[in-house]
């Protein structure tokens, strides 16, 4: 979400959680999800967090499914689906209960809802607000808190009250929610399902308390998103188990490599069956229910843009690198120079790949005055060079001639992802677009065009948007992919807290 403040945040530090819709004795909590359609603004955490409407941080969808087998395994929350972009479900806070719709977000760890003391933010007037004075179980905390998401921010203070997925919980009453991100959102607040390592104020996440209090049989929760907006239940989140009706085949599990987010290792990304090269030696990935789209390194997203005809932006720095240094890069790759050292050897990056070497050395007063702009230019040239090396290396591996390699790389320089967020595509070309596959746990997880293209409207008025956005995270935390609702909609996702692993299987 973007930046801004929030209405009184209720950061709930769950203590005693009751079951959502199913009795605790069943060991399962089901939450139906509602789904809101995409409107071109990605999700809560969507990589550029350009506004909101696809968001997560991310969106929750669902409507409770009455399946006997699953009822015996855990608690289930039905989700609502808004245009395949926002998925949200309902919880209750206080005694008597005050109902709120929230996004169940695996990309954050706090619970917050708007406060009745949120007076200055318009967003609060469009949503339900928590009224502490009307709850018999409310306990004052008052500790200040603020959270910044990809497409928005909130601020407020902690309060303590019972939650319908549990009992006593520390949550944030949001008193400020600046901007339009939360104003146009279909949900009232966010319930984080990430690890405590990223919890603001060290608040104990709701999920931790559900496990501690024995409200679920197994320390596992799973997401099923219905990607057919307007058709039936939006989706479902099951706490304490897995609903076999939500997936086909078997899950492929990978270990969590870094607690905080649900992060794991991912391998190569293929476009139409061909390697993009960038993640062949490994990338990190996060399964994030709060992000609507798929976010990845610019080097790969640009290749995808070129193949699907997505509108992009022209990078003059990229073109300059190709025209002035392209042949030298090719020569060094053919000479088996280590790719990570090429840009520094041609003078565009320092050895750490962070700054242009031209910014080093003796500086004059004039240099100091122009230092900031020069630094930005040098960094842009360095980034363009590093991206070009990835592209050239991949093309040479496919035995392309040097002339064709440089021609293709120059074309990619005109397809860089828009810094404003998503890119539009021609709806008439969707059927001819390539499959995009992700390698996870040694298995290929394929997305077809109709799964990664968001379409709104029908006929001549239809608009289509690429489900891919770019964001570059440098080592050691990156390169990083954020697999949001587009991926989780195609693949049923299991978050195994007890064994610290994430599993994916074809969604039913």
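Keep in mind that glycine also has a Cβ here, set from the backbone N, Cα and C atoms.
Automated prediction, rather than curation, is the source of TrEMBL annotations.
Here is what TrEMBL records for this protein:
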type	residues	note
SIGNAL	1-27	signal peptide
DOMAIN	87-505	domain 'Peptidase A1'
ACT_SITE	105	active site
DISULFID	118-124	disulfide bond
ACT_SITE	288	active site
DOMAIN	313-353	domain 'Saposin B-type'
DOMAIN	378-419	domain 'Saposin B-type'
Report summary line: Cβ neighbour count (10 Å, all chains) around residue 105 (active site) is 30
Query raised in the report: Reported in the order helix, strand, coil, what are the DSSP residue counts of the domain 'Saposin B-type' (378-419)?
Result: 31 helix, 1 strand, 10 coil
Requested in this report: May I ask which of the recorded positions 118, 124, 288 is closest to residue 105 (active site) if we compare their C-alpha atoms?
Outcome: 288
Query - Distance, residue 288 (active site) to residue 118 (disulfide bond) (CA atoms, angstrom) - result: 28
Report task. Taking only the Cα atoms, work out how far residue 288 (active site) lies from residue 124 (disulfide bond), in Å, as a whole number. Result -> 25
